[in-house]
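What TrEMBL says about this protein:
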- 21-46: transmembrane segment (TRANSMEM)
- 105-123: transmembrane segment (TRANSMEM)
- 129-150: transmembrane segment (TRANSMEM)
- 162-181: transmembrane segment (TRANSMEM)
- 187-204: transmembrane segment (TRANSMEM)
- 301-326: transmembrane segment (TRANSMEM)
- 338-362: transmembrane segment (TRANSMEM)
- 374-396: transmembrane segment (TRANSMEM)
- 408-425: transmembrane segment (TRANSMEM)
Amino acid sequence: MFIRPLIRPFAEFFRREAASGIVLMLSAGLALLLANTTWGVARYFPAIWDLHLRLAVGSHVLDHTLVEWINDGLMTVFFLIVGLEIKREVLDGELASVRQAALPVAGALGGMLVPALLFAAFNRGTPTAGGWGIPMATDIAFALAVLQLLGPRVPLGLKVFLTALAIVDDLGAVLVIAGFYTQQLHGSYLALALGTWTLLLGLNARRVRSLWAYLPLGLVLWYFVLESGVHATLAGVLLAGAIPLRIPFSRTELLRRVDERLALLRAQTQAPAADPRVISEELEELYLRSSSPAQRLEQQLHAVVSFGIIPLFAFANTSLVIAPAAVRGLLSPLGLGILAGLLLGKPLGVGALSWLAVRLGWAALPPGVRWRHLWGAGVLAGIGFTMAIFVALLALGEQSVDTDTAKLAVLVASGMAGLLGYGLLRTVPASPEEQAS
């Protein structure tokens with residue numbers, strides 16, 4: 001009973017991400033349908049996202065369109081989850097040691113560099129050359145949704161590899177957004193943002209574990225980052241870096257306390273007047289003391305982000321009218337660069353650098369994973385959907401023919417990558433253990 005709450009986040013991760021990918025597909029499909037249907041709603045649906053919402057606190061006024069509130073506000077919570085996942089994997093997960101991290105890091109580097117180079121080759125000297133970051137990232141929810149369709153044919157090691165690769169991809173995307181898609185900087189707000197972040201880090205250093213000490217300051221940090229010219233979503237990553245991940249005692253001490261508490265609970269259970277509510281409260285207290293603030297926040301927000309914020313982002317940003325100009329744009333340097341980057345660059349980059357890392361002895365294939373599995377994962381890494389569209393909005397602007405072309409190219413490439421990756425992994429012979437199951 002006690003162990004289940006501790007392992008639940010890990011046991012549910014793949015199932016939740018896969019389910020989120022399915023919801024994401026439905027949201028994007030519905031948005032495209034409403035934007036292109038012959039019903040009267042098609043005339044008004046894209047305009048809904050241009051409605052202005054105004055928030056005033058004293059003399060400070062924030063006036064943004066609905067889609068801007070989603071992209072700059074709600075997506076900050078998504079990047080908070082991304083930051084927490086990166087921090088967890090680097091400190092305690094698949095990226096915690098050089099040997100563990102070598103394969104997904106190598107694959108992710110190849111999966112970022114080769115698509116960016118292919119895009120740059122197609123768009124050299126054009127006004128869209130700045131969109132080289134579009135085909136770099138992987139949408140882990142979509143990719144794991146495809147793996148889920150394959151059931152037990154896919155070894156757990158491949159899911160872990162693809163998840164770690166996508167997390168490194170996300171880190172790369174965060175750095176690209178911060179370094180290359182930042183507007184004109186405002187020094188005073190940037191200094192205030194850095195001061196707020198320093199205060200958050202100070203709370204961590206003093207081992208303050210209450211989330212209520214971090215979240216209000218995180219909101220202040222978001223405002224300062226928004227006004228500084230750096231993209232506001234990076235405030236989520238900065239906040240994640242400041243929230244404590246470590247528990248306040250060693251694993252040995254944790255096990256000792258668990259044994260003591262369980263012995264007390266057994267004694268209470270055997271007593272004639274044992275109160276189930278007291279036992280439940282003891283278990284809850286034990287769970288809270290054995291989990292870090294970062295773990296608790298990630299668990300509390302994961303469902304909100306996976307089934308609320310990300311589908312809403314997809315619904316708002318894929319409501320494009322598929323006009324002839326956007327379709328013709330698929331054969332433009334912009335469209336071809338995105339298609340080539342996601343469909344060719346991703347599998348080539350992931351596969352080639354992963355092979356090189358293994359060949360040089362820096363890494364080893366996970367148990368049960370074959371090279372055809374890895375190439376299939378490389379193809380699935382071409383599902384760039386959420387982050388690719390996000391970078392396209394930053395690189396090309398939120399409303400332009402080029403933006404519509406980029407969105408359509410991302411959707412086409414992501415759909416093709418999903419189908420091709422599924423087909424390739426479907427052809428991998430099942431191991432004897434999988435056949436027995």
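Including glycine, each Cβ sits where the backbone N, Cα and C put it.
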Using a threshold of three or more Cβ pairs below 8 Å, and leaving out pairs closer than 6 in sequence, do the transmembrane segment (129-150) and the transmembrane segment (162-181) count as in contact?
yes
Would you kindly list the residues that approach the transmembrane segment (129-150) from elsewhere in its chain, counting only those six or more residues past its ends and only Cβ-Cβ distances under 8 Å?
14-15, 17-22, 24-25, 111-112, 115-116, 118-120, 123, 158-159, 162-163, 165-167, 169-170, 172-173, 176-177, 180-181, 306, 310, 334, 337-338, 341-342, 345-346, 377, 380-388, 391-392, 395-396, 402, 406, 410, 413-414, 418, 421-422, 425-426
Long-range Cβ contacts under 8 Å made by the transmembrane segment (301-326), restricted to residues 6 or more beyond its ends, are 9, 16-17, 19-20, 23-24, 26-28, 30-32, 34-36, 42, 45-46, 49, 66-67, 70-71, 74-75, 77-78, 80-81, 141, 385-386, 389-390, 393, 401, 404-405, 407-408, 411
Does the transmembrane segment (408-425) reach the transmembrane segment (105-123) with at least 3 CB pairs under 8 A, where each pair is 6 or more residues apart?
no
Residues of the parent chain within Cβ reach of the transmembrane segment (374-396), under 8 Å, 6 or more residues beyond its termini
24, 28, 71, 75, 107, 111, 128, 130-131, 133-139, 141-143, 146-147, 158, 161-162, 165-166, 169-170, 173, 176-177, 181, 231, 310, 313-314, 317-318, 338, 342-343, 345-351, 354, 365, 402-403, 406-407, 410-411, 413-414, 416-418, 420-421, 424-425, 428
